[in-house]
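**Q** Following this message is one structure expressed as structure tokens.
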């Protein structure tokens, strides 16, 4: 027997949602339809009497009885005559077929088999009708999770922005640099030559640890390095305030992999210059960029772990990025920052500079960190500004990375990273540009390490590959300029006429309208606008009207120049109906598609492997 505490299943709702089950036994249902209809009225009257007696006998239960009566009446009114079956005549219900046909009901109905008779326990507390759902969705309220949040309870926009502020990166990359700038402006230091020399040396070591270490070695793995040098670069690189190696490298790889998209952590093309410079340090990124950074972090860890497992049994000490070193530096990042920005400057103040502790901590610690850090952030903003005056893209213009102008000044400003278009085209190269004379201290430091045997396997791109990119980029620029010029109707788009039609039409138009039609290379040209400007005189043109002037045009009278052929191409109106194989394109058309050797020109974005589909699974080099 079913326990009274367990609510009964509402069969009417199930039959309404599954009409095929309601018609399962049509014959029996039709026989009981009339009986059920007659009993419905009597049952309703009996129920009303019972309700009235209950209301009079127990006033405390008025609300419950009335609510039950309203629910009962709603159910009665919601059942149509075709699907209604009286309680006495309903056949045994096949729950197995119902659950099989509706798998979603299996999670809502639990079968209790502890008794001899199974108990159906309904666990449904959701909304009861589509009308209620539509009212909720259409109401002026916000929904957070499964709860409705009214407009009055929504947090102000300023509170929402404050919650997205990243306190760590804001402190290191915005607050401390602003404090350093204000102190330099309003409390200029006294000249101390010893402090200047120490600051310059410490600054150079920090920059080299960032660019040659954090960037080109740990992130792009453009060379292999001695384990001791890795250790030094990991310690000094922590003083930049740009995060641990894994944090920095994962963000930079995501920048390369998803450049100019929402997944780019510091995308300038979407969010502007201020975001690329400081905004991405002030606020946490969106979910897409956070996922891209996490994916790149997993790639870095798996790559370094695989390299470490492969090299740990070898005797070589010039290896790839050490996985234990990366994890150690990440665990002790804050301690290393304190060591390099507070303790070491304090040691310099005591032993060398003879200055106060605060002065050395400020100049050798905070001010030096701010300069190094802002120079790096300037690379991510200025070097992706396509509208920067005289910026160039000699290797690839499909993305926003540019080479900055101003030559040596831009290289000093970015510490040798101004050739950013080269870097994004060839990210695995240990150099930042192919020119040997370019200002690139990180390149010189890597070459010095290789000279002493502390670095090896320096990756460089072949000159031929660079020349291919340069030529294709030049060709792309030429094609863009070519598309702006009028070259006449293309040969394939010209209408076709027979030689007889041409002769008849040429004579007719010349007699009626004085129009001059001439055939050259089986192409009909209307040279009427140029007939009086012809350098050889009008008579030569008139003699060729209605005739084939190909021999005369190509040297029998005068071998016309390229400029003349370009002008003639703008006067095409038709072509003669000859066999297509015998129609030969003129030389000035052939060279648009082929080179001097007759081979097809492979332009940028026309390679066989080129696709415009963005495959996010592919990582950057």
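From the backbone N, Cα and C atoms, a Cβ is placed for every residue, glycine too.
Pulled these features from TrEMBL for this protein:
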type	residues	note
DOMAIN	494-577	domain 'Cytochrome b5 heme-binding'
REGION	27-46	region 'Disordered'
TRANSMEM	227-248	transmembrane segment
TRANSMEM	336-364	transmembrane segment
**Q** Residue list, the transmembrane segment (336-364) vs rest of chain: Cβ under 8 Å, 6 or more residues beyond ends.
**A** 180, 183, 189, 192, 194-195, 198-199, 202, 234-236, 238-239, 241, 329
**Q** Kindly report the helix/strand/coil residue split of the domain 'Cytochrome b5 heme-binding' (494-577) according to DSSP, in that order.
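**A** The breakdown for the domain 'Cytochrome b5 heme-binding' (494-577) reads 36 helix, 18 strand, 30 coil.
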**Q** Do you know the mean pLDDT across the domain 'Cytochrome b5 heme-binding' (494-577)?
**A** 91
